[in-house]
Structures are given as C-alpha cells and as structure tokens.
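*Asks:* Feature table excerpt (TrEMBL):
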TRANSMEM  A:9-30  transmembrane segment
DOMAIN    A:94-302  domain 'ABC transmembrane type-1'
TRANSMEM  A:100-121  transmembrane segment
TRANSMEM  A:133-158  transmembrane segment
TRANSMEM  A:170-192  transmembrane segment
TRANSMEM  A:233-259  transmembrane segment
TRANSMEM  A:279-305  transmembrane segment
Amino acid sequence: MFAYIIKRLLWLIPVMIGVSLILFGIMQLVPGNPAAIMLGTNVTPEAVQALNEKFGFNKPFHIRYFLMLKNFLTGELDSIYYNDQVLSIVERRLTATVELGLVSLIIAILIAIPTGVIAAVKKNSVFDLLSMFVATIGISVPAFFTGIIFIYLFSVYFQIFPSSGYGGPIWTLSGLQHLILPAFALSTVMIASTSRLTRSAMLDVMKEDYLVTARSKGVAEKMIILKHAFRNALIPIITNVGNQLAMMFGGAILIESVFAWPGVGRLAVKAVEYRDQPLVFGSILILSLLYVVVNLIVDLVYVLINPRISYK
Amino acid sequence: MRNKFIIFALSLLLLLSFLSPIQAQDNDTFVMGIEDEVSNLDPGETTISVNERVASLIFDGLVQYGKANKIVPGIAKDWTISDDGLEYTFNLRKGVKFHNGTELTAEDVAYTYRRILNPDYGSGLRAKIKAIDTIEVVDNYTVKFTLKESYAPFMLGMTFGIIPKAYAEEVGDEELGRNPIGAGPFKLEEWDAGNQIVLTAFKDYWREEPKLQKVIIRSIPESATQAMELRSGGIDFGVNLDVGQLDSFVDNPDFTVKSAAGAGINFLGFNFDMSPTNNRKFREAILQAVPFDQMLPQIFGILGERAYSMLPPTLWPEDREFLKENAVKFDPEAAAQKFADLKESGVIPADYTAQIYVSNSRPNQVKTAEAMVTALNQAGLSAEVNAMEFGTMWDMLGRGEIGIFFLRFVSDPDPDYWLYRFFKSDGSLNRAFYENDQVDQWLDEARSISDEGARAELYNKVLAKVLNEDIVFYPLVHSTQIYVMQNNVEDLEPGNSLIIPLVTPTANVYKED
C-alpha cells in the first residue's frame, strides 16, 4: 500500500509535465496579444512593445516554456494583469475554493446518501417518487439559477443570510454565514446525481444472493441494509463523489460569479480573458493538481471500504 | 434519521439567523458594488476602468474634474500657462499631507510624472503626457512642465494621482500598487483580493474630511446579484445593472436612481482596407437597410441615448443637430436597390456574406447586431453575426481582418482623446484604416491651438467629414451612466465615468440617519 502511494505520487510528475506542456501549447494558439488587451483603448505601439519586453513575449516558444515553468516552481512567476505573484494570487483564492467545495461535498453527502438509501429500501413509495422527482429537477436546473433563487429567498425575502461575497475563513461567524448559500446552491447538482446513483446502486446490490442468505440467517433488516448492502453499493458512489468534488474545485465558476465568491475558477476565466498567460498557467496547473490528488484519494478510499480491492 | 436531519438543519438556520443582523450597515459605512475586481492600485498603471475609479479615491491630482467635467484646482491651487502654450507652471497648496503623514511637495509631482514618462515602466498613460519635454522643480511648492509642442488636452494629464516619492522609491512599483499611499480623501485599510477593498476616511485630507468614515468596495460581477444586494441592503450603491433589473428600481421609493449621459459611445465601424466595406455606396446601403432609430431605444432602454456624434453630449462642440440631419436615414428600398446594383457591378461578390463582428461581453450590442442582420437579409444582403470573445476580436481588428464591427469606447473629457486616435491616419486606434490628409491636418491643428472656439470648429469639420460624408463610423448609442442607491444616500451624482464621486470639489457624500 505504501509503495503504491509512492508510485502514484511519482506518477504525478510526468502527468503534471504533460498538463503543463499541453496548457502552454494551447495558450500559444489562442489569439490575442496580452499587452494590447491589457492596455485596451490606451494602446500605443510603444506601450505594447514595452510590455512585450517586460514579460518576454518576444522570446521563442521553448525558452518561454522553461522560463515559465522555472518561475512557477520557484514561486517567482508574476501575473501580468494582477500586480502580484501567481502563487500568492492563487493561494488566497484556493482557500475560498476549497472551503466552498468541501462544505458543499459534506452537505451533499449528508443529504444525498440517506435519501438514496431510503428511496431504494422503500422503492416505489411516496418518498421514493418524490425524492427522485426533486432529484431530476436538481440535475436539470442550472446551479446559477438555483443560486439566484436562494439569494432571493434567503437574503432578500427572509433576510437570514448575506447575498454574496466572502466573509472570511470558515471558522469565523461571518465566514460561515457567507458560505452557506453558495455551498447549498453548489451542492444541489451533486445531491441530485448522488442520490439517484445511491438509489440505483443500492437496488442492484439488494438483488444479490448474499442478502437473501443474510436475511434467512435472521440478521436484522437494519444491519442488512447498512452493513451488507450499503457498503457494497459505496464503490460507484465514491467514484461519483470524487469526480464531482474535483469538478467543483474548477467548475464552480457560475456559482462563484453569482455569489461574487473569490474562487480559483473565476480567477482562471479572468486570466484567460486578459490573456494573462502566467496566471492561466499557474491557476490551471494548480487546479489540475487538485483534480489528480482528489482522484488519488478516491482510489485509496476504495481500499478502506472494500477489502477485496488492494494495490500492490 | 431524516427527521433528525431536518431538525438539525432547521435549528442551524435559526441559530445563524439570530446570531447577528446580517446586512444592516451603520451610517458611517458606505458599501458599493462594482462590476469587476481591482487588480492594481498604482495610479501610473490604472488603464483599467475599475482600477482607475478606485484609485481616484486614494490619490489626488494637481487638478481635478469639477461640475460638467471642467478642470478645477486640486493639489495645485493655481497655475499659469505661457502665451505660446509650452510652459505650464503649477503652484501647489502648502500643507497637503499624504496618508503616511509626509507633506506633498513639488518633488513628488515631478517624480510621479517622470515615472510615467519612463518608457521602461510601460505605462498606458504615457501617451497622454508624452508632449512633456522637461519637468522642473522650481521650489518646494512650484513645479514647471515644458512641452515639446503645444498640446491642447495637456491639462487632462494633470489629473493623474500624485504619489509620494520617498515611499515609492523605498518599496518599489509593485508594492506601491498593492499598498498605495496617496493624498486623496480615503486611505487603504484592507484589500481582500477578488472580494472587497476597505477604505477609511483620511482625517487630514486637504479639502475637507470625508463624511463617510468607511467605504467598502465589493466586486460583484453578476448584475442580478448586485440587484439582490441592493434589495437586501447589502450594498448602498450599485453601478452595474441591466435594463431589466433597473426598471424595478425606478419606481421603488426605497431607492434613488440617477442618470447622466455620456459615459461612452457604442458605434458601428467599417474597414477601409477591405472590399466591399471600402465602398461608400455599400456602407450607405447598410445603414439605410437598418431601422436603427426604431430598434436602439428598445434594446438599450434607459441605458442609452441615441447618438449621432462620437462625442458624448456633455462634451463640446455642440453640433449634434447638424450631424443628425445629415446622417444616413432608414430607407430599405433604396438599400435593396443599392445592394442589387453593387452585386451586378461585382463590388459584392456572388457568394458574399457580410460578417458582423461584436464582442460577446456586450449583450446589447449583440442584440443590435442580430436585429441588424435580419434587416440586411430582408434588404437582400446576406449577413451573419459573429459574436466573439473581446480579446480575439481586438486582435483581428488590429490585423485588419474585420470588415464590419461594433465597439464601445470611453475616454476623458476632451474631443482630442475621442477623435485623434480613431481618425488620424497613424492614430493608435485607427481600426478602420481610414486615411485622409485633410482630416489629419484638422486633427493636428486642433490639438496644437488652445482657443476652444477654434478647436470646436475644427472638430465639427472632422465629425461632418468622417461620420456624414465618408461614413467611417456610425454612432449608435451614448451609454448612460446609471447610479442606483439606497434612498438615504445623499450628494452622490453621476457624471464622470472614470471616477467614483464620493468626495469631489462639489460634493461630499453621506448617509442620512
């Protein structure tokens, strides 16, 4: 197991180099000169020239790539648009992104899994039909729309939560208050898909012979569902949750916009808009790293829940 | 289990809602929403609108914009201009303090301008003051600028924020942009990047102490969210609302809506280096085919005022009626006839489809382009909308690959800033690739003389030539600046879109109890 983790961690290096190469290549293909965009209507040929020299846009491809990679690794990569270093810009927003992602995940798991299990156990009951109907709506309605509805309900109408912005770290009251609405809005899609998946995975497992055996041996129904059925249904659920979490880190851009949440997703979009190549490079590389790491964690969690899976 | 969870969730909600009042702000604190996030507060690099507006609260210039965008004294209490228009001597006020307590002197002024003039620094503001030949510190409170050639809009460059030389030299440009120290009405308290900027009143501000003790500037990109924030009381003031959202605030007694014309111009442009857009008959037919007068008010609503000039209504010269009368009028039959003629003579190739380029970040322009395409198709010209990301479009425009395009432009209050760059043969924004010696001569002359009447006459000639006669650009709509605020906000008037007018020569904003 330990050797496996080391091996997987070592594999990260070529993966990340590949990502960085593809990323850098795409950035070169995107039309638009960063200096001209940044200067906007104040553009003059001299000003463009000065900026091009300042950020080395005139050097050949491979030199720029190695320069960017080196500067990134040593933490000296400067953003063009923001007057700061890429790492420190991303770091500040990463906290907001990770907080939002993890809290949504927790909300989603707390709601989706019990709902899915109950729906499967009480198949075709009112609860099942109703919850799966709501889940279908949850998958279909875009998260930003849910977000706007939430803001209208909870901050304009009931005035319970602030409508938008980042209130501080999660352990502060203001931070928590600001986090709740976006976290719930972001978790809706995940709740919907996870609860449906949990239900169908549970239904599959519940047809298995060993459950019949367990029942005939007189094991309590609660025990059968939680220990025998649920544990075996967990593999596809964990896979789904892992994917969704990884997507949340980078893909919460709409929610970040609606709630004016200072996350990495919005930052990356802004960076692309301004052709801020160093920042695009840095922010996407860090998002990819998060994605890969989440996947690694998911693979390791498999072992914990299913002893038949082992990595050698 | 389900019941337990619901009880838990409800009690959590209840608990949180009782803990503190969520949105209410006290009357000393002013919260505003802006549409984008601030990236840099170095006043030498504020070529991006949001940066410039926030920096205008922290820094003061030698002169400032007063009512109707007239130049009024700022840190300079008065100034003299030599008869040949080449020497500008400014007398500074004594005792003006920077936020760190040091006194502002002529050395700081000279340093501020020398830094922007330095080509290595790469400031986008340099073009506005590059007429400067030398900067001389006469004494502690007198500074003299000598120009290479007389340049009428020079005074607008004197609005740049003055930075403290000692501090800037000590910390460097980057740190100055992160922790700015100026002599403006507010000082930076906290900058939570991407989220909000907190400013506090500068007690020793030379003009008068700001009435607002604290200003929080929040970046809220989504217009719908800004509207909700206003409704829930989360912000006192918003500037970025769509037409649809604005309507509901106009009749609501809890809010005040104020508007001022002329924050920018939306226009249609043609490429003179490309066929068939270089053909005047073709350009005229396009404008005749489209009922702009009818569709623009519907699309832009209260966010726009129909334009016939490139210059905003607040800016001299006053010749709009002439331009309006001589603009191309809607005449679909004439347009159809012209398109047919042009096809027959081969100016419009048989398989030609007019591509109309528009930035997808400007929804109202996209709607206009779509309506325009329908009208063109009806008049017999095949056309399509090409809505693309601005950076890509800007790049293609620079390379002359676009024939018909929509743009929006904002600049400082002098006609030179609006016309020279677009219509001068070598103008930096001459995306129409328009060349006319006569126009070049008028534009050059108008920036070298200082008599406003004579300049206005020249600009009228330029506008009549490029808009009516040659149809280089076709003005569509002056965007109107709309402020929506809680009804207890007093003294806040829109006007100049490049500043946030909280403490100005004529106003000191406050909230009523």
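Each residue, glycine too, has its Cβ placed from N, Cα and C.
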*Asks:* Who are the chain neighbours of the transmembrane segment (A:279-305) in space, where the CB to CB distance is under 8 Å and they lie at least 6 residues beyond its ends?
*Replies:* 1, 5, 8-9, 12, 15-16, 19-20, 23-24, 27, 68, 72, 77, 79-82, 86-87, 89-90, 94, 231, 234-235, 238-239, 241-242, 245-246, 249-250, 264-265, 267-268, 271-272, 311
*Asks:* Top stretch among A:133-158, A:170-192, A:233-259 for CB pairs under 8 A with the transmembrane segment (A:100-121)?
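*Replies:* It is A:170-192, which has the most Cβ pairs under 8 Å.
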*Asks:* Give the nonlocal contacts of the transmembrane segment (A:233-259) in its own chain as ranges (CB under 8 Å, at least six residues past its ends).
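*Replies:* Answer is 97-98, 100-102, 104-105, 108-109, 113, 116, 142-144, 147-148, 151, 163-165, 181-182, 185-186, 189-190, 193-194, 197-198, 201-202, 204-205, 265-266, 268-269, 287, 290-291, 294-295, 297-298, 301-302, 305-306.
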*Asks:* Can you tell me which parts of the same chain pack against the transmembrane segment (A:170-192), counting only residues 6+ beyond its ends and a CB-CB cutoff under 8 A?
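*Replies:* Those are 99-101, 103-105, 107-108, 111-112, 115, 134-139, 141, 143-144, 146-147, 150-151, 154-155, 161-164, 241, 244, 248, 252, 255-256, 258-259, 261, in sequence order.
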